[in-house]
Amino acid sequence: MDSQNQYCVSRPIYSTRAFEHVNEKQVRETKTIKERLRNSVKCSPKLIPQIIKKFFPILNWLPIYQLKQWLPGDIVAGVTTGMVCALQGLAYSLLVGVPPVYGLYAAFFPILTYFILGTSRHLSVGPFPVTCLMQGAVVLSLAPDELFLYHGNTTGVNGTATLVVNTTARDATRISIATSMTVLIGLFQFGMGVVQVGFLVRYLSDPLVGGFTTAAALQVVVSQLKLIFNVPTNNYNGILSLFYTIGDIFKNIKQTNMVDLIAAVLTIIVVMLVKEFNTKFQKKLPVPIPIEVIVTIIDSGVSYAMDLSTNYGAGIVRTIPRGFIPPRSPDVSLFSSFGGPSFSTGVVSYAIAISVAKVYAAKHELIVDGNQELIAFGISNIFCGCFSGFVATTALSRTAIQESTGGKTQVAGIISALMVLIVIVAVGPLLQPLQKSVLGAIIVANLKGMFMQVHDVPILWRKNKTDCCIWVLTCLACIFLGLDVGLLTGVIFELGTVVIRTQFPTCSTLGNVPSTEIYKNMKDYKNIIECPGVKVFKCAAPIYFANIEYLRDQIKHTVGFNAVRVFKKRNKALKKIHQLIKKGKLKVTENGLVPVAPLGVDNEAFERERDPEQVEGGAQQEVNGGARPAAEVEVQVDWSSTLPVSVRIPKVNIHSLVMDFTAVSFLDVMAAKSLKLVESLKLEKHSEWFLTVFYS
């Protein structure tokens, strides 16, 4: 280390009173609630344009749109992202449990409103597998196949009529549930945005979201296995639903359609390999290879040419009508059936969107308004639900494609919506022979990034074991209890860790780095020395009613004695000493207390040698050990030497205690009283150790 790189600070030593005397304290200006409300609703002609731009962020970037520089990149990004978005919409509709065409609606309508209201320039708005699965769990639980069975025209082996599912009535009910739930999710998000509670998403930490999305990815894979194997399963929701579904798959594994299984396996392998190729050579490729589009076109052609549905019993999409369905209002009577899941799904969808938006905003030095994002997604979901779509958020993979292919603004999003529109009004019927197992395989292949989050566990364990526990417990809770209950469990556990970490804060004893003013934890470094007779105690958390007892114990452990107990023992010893002095058995000399051998002799020497100023008169003085009588002699006792009374007093090896509270953010009333008690002990005349507290 360069010996010349040093600094020296020289300043007076201040107490709080002395500092405020030298530096005049300024009185803070406080406003009443009435004044704050008046200012919040105050409006002027100058503020109107700002308010309009805040609620319509498109007015901030569209007037400065650079046509020549940005439009080519937005076109390429929009076309590429639009093809992927359309196919993912078809695939993710299977997670919700509705016909595939409604996935196209979910990929189209939210983009239109987010283009006007959103603050992120790079998000690709549309379906996401985790939120689709959360919504699909509600849809399938409220409208299972068992509710729509009727006796068919054919008979079974025992002569009874076989049960057939009324798919028309089932799909209509599921669509009504899904769209109504989407509207309710939008209402929740819009309401949170209006009351400015976007900060609530901060309670979903990165470890919690990582564990949740990993468990959700596993749930998605299991939900798609029935399509990949093309085997019948029951619909489960809630505790252990994942394992019940796996049990049904293995129970009916002999009914596997090999054509669907082979197509799905090949799709997964090809899609994952090409995505790895795109990632590895992303700087050399002008645009990523749209492998999902290629696989879909090939499978549709092969399925149509070989008539896989008729000849081999493959499960195909079958019906994708052209055009749109007229808008309709949600079924308000259903809101009470899925209020809780709707709120949790809305929070999760917003958390995913805002986290992705902030990543790209930081990359391009832009600003994302969390509360405005809530309003944008809320209105988008309300609009989408009224047009028969399901919940919309964003996906990191689609957003990465849109940004990496040159997307600069939400113009790329509008162009991607135009691509989806082309599929809805023209190309859709050409995809009717597409195998459902291929769509399920596309979903599974796109979940690789979520499963790779497992690698975060050992990293979290090395950095912060508490965060690692949050990740693991949230993941396990979502697997065993379901996504909604598991997420709630993870949030409660996360908040519990915060309480525990403040209730049992990190306390340390500091030592001095030689030849510096630096003080560090003595357990962390070898060359640190402790100042003789001084203990430096540091607390790195708020001090309040829940941790004050723990803090007292830590202080006792640091100083090596109980100050209150020492104080009481010394008072007890002083009482006995005074009694012996009065009886003439002890006398006070310059060398300390000297015993008088002959008992009952008048202690004239004591009367001559004592200092009259040592006699205290007046009222009794209260101490923690009891009341001391008036007219007592103040005796200076060397507590480290042997005392002439039979009182065992703990040894005190320090003369000063320094409490470093620079990391303490606040103290409550109970903590202040406890610290005041500690300080009062050092003011007593018979306690020679001193207390200094440093605050931030």
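Note: Cβ is positioned from N, Cα and C throughout, glycine not excepted.
Unlike curated records, TrEMBL annotations are generated automatically.
Annotation comment: TrEMBL describes 75-95 (among others) as transmembrane segment.
Annotation source TrEMBL lists transmembrane segment at 101-117 (among others).
The transmembrane segment annotation in TrEMBL covers 183-204 (among others). Counting only same-chain residues 6+ beyond the ends of the transmembrane segment (183-204), those with a CB under 8 A from a CB of the stretch are 212, 330, 335, 338-339, 342-343, 345-351, 354, 370-386, 391, 491, 494-495.
The transmembrane segment annotation in TrEMBL covers 258-274 (among others). Sequence-remote contacts of a segment are chain residues at least 6 beyond its ends whose Cβ falls under 8 Å from one of its Cβ atoms, and for the transmembrane segment (258-274) they are 227-230, 289, 291-292, 295, 299, 308, 312-315, 435-438, 440-442, 444-446, 448.
Within the same chain, residues 123, 125, 128, 130-131, 134-135, 137-138, 142, 176-177, 180-181, 184-186, 188-189, 192, 198, 200-201, 204, 209, 212-213, 368, 370, 373-374, 377, 381, 391-394, 483-484, 487-488 sit at least 6 positions outside the transmembrane segment (332-354) and bring their C-beta atoms closer than 8 Å to a C-beta of that stretch. Positions annotated as transmembrane segment by TrEMBL: 332-354 (among others).
Marked as transmembrane segment by TrEMBL: 374-397 (among others).
Per TrEMBL, transmembrane segment is recorded for 409-431 (among others). Tertiary proximity for the transmembrane segment (409-431) is limited to same-chain residues at least six positions away from its ends with a CB under 8 Å from its CB atoms, namely 58, 61-62, 65, 70-71, 73-75, 77-79, 81-83, 85-86, 89-90, 101, 104-105, 107-108, 111-112, 114-115, 118, 121, 123-125, 296, 300, 317, 320-324, 402.
Per TrEMBL, the feature transmembrane segment maps to 468-493 (among others). Tertiary neighbourhood of the transmembrane segment (468-493): same-chain residues 130, 133-134, 137, 203-205, 207-208, 210-212, 214-216, 218-219, 237-242, 340-341, 344-345, 348, 456-457, 460-461, selected by CB-CB distance under 8 Å and a gap of 6+ residues from either end.
Here TrEMBL flags 524-675 as domain 'STAS'. Mean pLDDT of the predicted structure over the domain 'STAS' (524-675): 71.
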